[in-house]
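Positions annotated as domain 'MacB-like periplasmic core' by TrEMBL: A:21-242. Residues annotated as domain 'ABC3 transporter permease C-terminal' in TrEMBL: A:282-394. As annotated by TrEMBL, transmembrane segment applies to A:21-41, A:271-295, A:330-352, A:364-385.
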Amino acid sequence: MRVPDALRFASYAAIGSPVRTALLVLAMAIGVASVVVLTALGDGARRYVVDEFSAIGTNLVIVLPGRSETRGFNPANLVTSTPRDLTVNDAEALLRLAGVKRVSPLVVATTEIKASGKLRESILIGTNADYIQLRNLKLSLGRFLANTEFGGGSPEVVLGAVIRKELFGTENPIGKSVRIGDRKYRVVGVLAEGGRGLGISSDDVAIVPINSAQAMLNTNTLFRILIEAHSREQINPVKSRVLKTIIARHEGEEDVTVIAQDAVLQTFDKILNVLTLGIAGIAAISLAVAGILVMNVMLVSVTQRTAEIGLLKALGATTRAVQQLFLFEALLLSVAGAVVGVGFGYLGAAFLRYLYPTFPAYPPLWAVLAGLGIALVAGLVFGVMPARNAAKLDAIQALSRK
Amino acid sequence: MTEADTLIRLAHIGRTFYLGDAQVHALRDINLNIQQGEYIAVMGPSGSGKSTLLNVLGLLDRADAGVYHLAGRDVTTLAADEQARVRSEHVGFIFQSFHLVPRLTAAANIELPLMLAGINPDERAQRVKQVLHDYGLDARAEHRPNELSGGQRQRVAIARATVMQPTLLLADEPTGNLDKVTGEEVVALLEALNGQGVTLIVVTHDQSLGARARRQIKMDDGAIVSDTAASVIVGATRDEST
């Protein structure tokens, strides 16, 4: 018996009982779709985190005040428990290190911003002129903070897109003054919409020079120091140089934590990949269930179609031909289910992206291929037993059953 | 009549079924020679073994004892797939309940044996068309069995049984599910095929149908109790010898 004929016969057999076929295809489709959607979720989470981290900039080394590691008991810990402040001077010192391209000190606070009688809560960021390149931010209007190195700083502010809209509407805000806290600032620029990083949208910020921010908040401490290395290879050397410099400046005390964006990125990437794999594994269970369902339905189908099987044998069908017909039918059902399932899965992922536009829920290709593959194998494995049962059927008994 | 014309030779064929502890001798020591082109009716009460005989002849069932020669070849001990080949090439079955595949059209039902034999689609289409025409089913080619009358269904079944041009046609109560008039038509069709040289063996309860055959075999309790051919063939040989 020729393969195309067997395929055609099997597909007619499948179409011949539409309800059974539809339900079976649906079961398999749900299995495959769940693999596709769940891996899209897992991989989306991975991408989201990785994107958030890359969005802060490239080749970044970040200095945080305080120690996040413990290295056993040290009597010094008892004496000096408060860490030294991370200061603008520390940041200035880091700029002179080899391999360092840019340094931005960072102060962050929530504040209220007023203009033309409107009041709005916003996130105040105090930093320097390098911040815009370091963070890869884009301007839609005007310019960024003037390059005043670390000193001085005229009272100017760069607004996030949403703040600007809420305070000024469609009006051009450049040159207008806003009041932040008890100080007046001149608006010199507006950030482009959609910038983000570490979960903070840059639409809601007001960026002012570091000095005025520190003066306003009455503090010397920095929230972070962001350092951009010249290249990827420089990240680790820069990281150790930064740590050494800060320790030297802080009287030999290691009271800061230096992290490389790259390392964090890789760790998250690894963790979330494993998570996605785990999710895919769980989803694959539903595929196995669907496979068993295929077997069950095919077994029932064999008993329902005994007369037909007997007839085929009487007409000269070999054992192999009968096996082939039933195996092909199981395979066709599985493949149809898998294809429909991939469609459902992509739809589901698209729906997720529609609900959460910032969440990149794209199913990874490997998961789609694995879903299809497992469905195929399930159809094959679980189709074998019914097919063998069909082939073993005694033709006379099969024919005599009405 | 020469040895070469003997299509079927059964020697000491036995078939025993086991129903629980009980043994049922469906066939006991059957000896039967059938010539090419004969028209035979096998008759007898229910359970007399006539259907089993038909199944053994059609290689659907295997005898426990004895030797079966079909067209000069010992087919008693053939492997299952070899038997399937022999069925495909030599034997056509016609059933009381037609056994058409309900989801397939008349044409597709007729095409089944050709498909199973692996004949290429072009030739299949041609042969199916020819057979549909021969049996006056042109207009019914694309109808499904449930859209056909009983007589038409049986004609489709006969078309299917003969599309491979078998030498042996086995019919089990071919008119059992038909009214008298359509039954007559179907029998006429089978007899016409026999007229073209096909060996026709009909199993039936129907005395009048049985009487139309040139040779009647009566069975009871798994054994042949009478065979009109014994005398006819003896007579024929006598005729030749004289």
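Cβ from N, Cα, C; glycine included.
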Folded-back contacts onto the transmembrane segment (A:330-352), same chain, C-beta under 8 angstroms, at least six residues removed:
7, 10-11, 14, 21, 24-37, 40-41, 44, 290-291, 294-295, 297-298, 359, 361-363, 368, 371-372, 375-376, 378-380, 382-383, 386-387
Which residues, given as numbers and ranges, are at least 6 beyond the ends of the transmembrane segment (A:21-41) yet have a Cβ under 8 Å from it?
14-15, 276, 279-280, 282-284, 286-287, 289-291, 293-294, 297, 333-334, 336-338, 340-346, 348-349, 352, 361-364, 367-368, 370-372, 374-375, 378-379
Mind checking how the domain 'ABC3 transporter permease C-terminal' (A:282-394) divides into helix, strand and coil residues in DSSP?
97 helix, 0 strand, 16 coil
